[in-house]
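Feature annotations, reproduced from TrEMBL:
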BINDING   A:Ala35, A:Gly36, A:Ala37, A:Gly38, A:Ser39, A:Gly40, A:Lys41, A:Thr42  ATP binding site
DOMAIN    A:14-298  domain 'UvrD-like helicase ATP-binding'
DOMAIN    A:299-577  domain 'UvrD-like helicase C-terminal'
Amino acid sequence: MVCRKSAESVNYLKELNPPQHQAVTHPKGPLMIIAGAGSGKTRVLTYRIAWLIDQGIDPFNILALTFTNKAAQEMRERIERIIGPDARNLWMGTFHSVFAKILRYEGKALGYTSNFSIYDTDDSKSLIKTIIKEFSLDDKVYKPNYVLNRISNAKNSLVSWEMYNENPLFREEDAGARMPEIGRIYKTYAQRCFAANAMDFDDLLYNTNILFRDHLDVLNKYQHKFKHVLVDEFQDTNVSQYLITRKLAAVHQNICVVGDDAQSIYAFRGANIQNILNFKKDYPELITVKLEQNYRSTQNIVNAANSLIKKNKDQLEKNVFSENDEGKKIEVLKSSSDNEEGRAIANMIFEEKVRDGLHNSDFAILYRTNAQSRAFEEALRKLNIKYRIIGGLSFYQRKEIKDLLAYLRFTVNQQDEEAFKRIINLPKRGIGAQTVAKIVVLANEHRVSIWEIVSHIKQYIDGRAANAIAAFAELIQSYMIELEAGKDAHEMATHIAKTTGILRELYADKTVEGLARYENIQELLNSIKQFTDNEEVEDKTLPAFLQTVSLLTTADQEDEDGDHDRVTMMTIHGSKGLEFNHVFVVGLEENLFPSQMMLNNRADLEEERRLFYVAITRAEQNLTLSYAEQRYNWGRLTFCEPSRFLLEIDEQFLKLPKANKPVRKSFDDDNDVISSFGGARKSTFQSTSKAAPAPPSAKQRVLNNLKPVGTAKPAPEHKPSGNFVPSNPSELKAGILVEHPKFGFGKITKMDLMGSSHKATVVFDSHGEKTLLLSFAKLRVVE
DNA sequence: AATTTGTGTATTTTT
DNA sequence: TACACAAATT
């Protein structure tokens, strides 16, 4: 191994403060880095890896586990800039992707082939549903989500289905929840996944544990291979993940974990904050380094965040401080409704861009739930501000994408039951539920796989369904042959898209949706092309692509086009590790943030508080905390109370609601109730303020500062593109001719009132009858 | 078997 | 509201 010269190492080490330096150059043995928000954690991790390589460690012997693939990729690039192309040999990625890779090599020890499928949450849920149905259980009692959660928790604690069924504790719990059959469902679920040569997300970790437990030769190999194990975002690892790293580090004892207990926000999926707290017990020799200087944010922001987080009981002692400018106070923004909140913030962004010369990419809007993005999308669109939404239903969850991927999956792995169910009658080939059920029965009777039946269908049944199935089998077989012949992922996918008829069907569909779907497929094919064209990818086969694709994290989403200058919108969970000049934390209302479901016990509430802490500490210069007084919740207008978290931040850091700028009240706002509602509000607040602490002056001021909205002139006037404007219900009635930007010309046949929002039924010349919600639809009245 | 209509129900965060 | 799923049509 090359031992690099230290000219550069001296350079990069010089940039570090003493604790950072200590962390980077820690020679060997267990190391825990407690890294406060914005303390240069990524830099330390990067430099440490570079430093290790400088010390003569082969990149091939270093394992670095990150929270997202993107983080891994970025880190790899940064290391490459320091040490050169050797960085490519690092083992770096998420737990799931790294161990999926190892399981691909070693899985046969457990009875899986290297082509195993990875079931995503939808697949898992679908299988659970199927099983519940097969057991003739009531899926209103056995809620698939609950059952899946239960199984997931079991696996993450390394409880096998056998152990689950033997343990009376679980049985009692399930009986108490009136779901005594969960153990049986778990068993069947596990067996069915195995039979399908498929692993769900939890299996990737669970099976790795089993692999290392039962196959010491394999464990040994990787223990010796990984001379250094580094774990980022350690506070968000679960027991299953922790045990894997502990086993891997058992020989060399070179384990370095980086984390911040104050930023642990994934307990809901099994992350265990105790991992951090117990780490010392597992490694008595442990050296702990604390990084406490925040380089990211203003003093005001750091101090405000500190004043919040100190309300939590469970935390390590730590003193995060900033030596940056004191900075501006945190602005608290009050709006009368969720839509108003959207407009106010869009306007602030618009003005600030002009005033301070900021770019779209300097702004982020962070919310608790994905559903909250709507109002902001609308408002930003109206001001022509470009944005990107991270998360939500991702590209890969769209129906047409999942369909094509299911074909690819089935081509690679014919055991894949979920993929089979998706594609057997797609496009329509006249194979209905009856036929599929018959096949499943036959497979069970003859104790063979579904594919065995399908590929020899004529031996089992005849009739027209049999012909259709034979054709299907032949199609798949032709794909298998091409795969065997060594075609790469892109060639395969293009060929399959063309020859299944999926593409043809979508092409024929000239509706807007059909067009969009067609484009989505094209986009998927493009991204596969990128995959096979990428020189850093060694394995360009279809199985390799599928593996990568199923383990993409939401943060991994690429910008659709090269345009990076966009306002970012995402959940706070998604914002981890990121930073922005100006951050808006929105929807700060009781029962929304903190979420209603997290109010049951202290631990949950503290996790919500940490979540808020994460949100605040994303901001570099400007922070705006926003809440609305009313909000539509599942179609119902509800009155909201400011979040308790707002009141927990020390008042000296806040600027309470300024007479918040009146924002244009445009005519599409009928679902905003803006006029005063007198006594109603007061009583609502009183009746809902069960959990709120006694009102401090801050709260008083927040609540009293009521202001009328919608009279003064808006800030920047802006024309929506084209002639289309959101329609004004008062000028519409049955019989009027209108034009819609997507659907073209049509005639209104009916006007309705749904709640407080207007609906118009329009018969379009080319698209037939549509019912449009006027608060969203843009219609132009044709003279 | 495919399409349309109606009913009910869930509303957190993600690998 | 809005989506998923079941029942009722064609």
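Any Cβ shown, glycine's included, is placed from N, Cα and C.
Note: A:Gly38 (ATP binding site) has non-local neighbours A:Asn294, A:Tyr295, A:Arg296, A:Ser297, A:Val302, A:Ser322, A:Glu579, A:Thr617, i.e. same-chain residues 6+ apart with C-beta under 8 A of its own C-beta. In the structure shown, the C-beta of A:Gly36 has more C-beta neighbours within 10 angstroms than that of any other entry among the binding-site residues A:Gly36, A:Gly40. Compute the center of the Cβ atoms of A:Ala35, A:Gly36, A:Ala37, A:Gly38, A:Ser39, A:Gly40, A:Lys41, A:Thr42, which mark the site for ATP; besides them, the chain residues with Cβ within 8 Å of that center are A:Val44, A:Asp260, A:Leu291, A:Asn294, A:Tyr295, A:Arg296. With the fewest other Cβ atoms inside 10 Å of its Cβ, the least crowded of the binding-site residues A:Ser39, A:Thr42 in this structure is A:Thr42. In the three-state DSSP assignment, the secondary structure recorded for A:Ala37 (ATP binding site) is coil. Neighbour density around each Cβ, counted as other Cβ atoms within 10 Å, peaks among the binding-site residues A:Ala35, A:Ala37 at A:Ala35. Applying an 8 A CB threshold to same-chain residues 6+ apart, the list for A:Lys41 (ATP binding site) reads A:Ile33, A:Ala35, A:Asp232, A:Val258, A:Asp260, A:Leu291.
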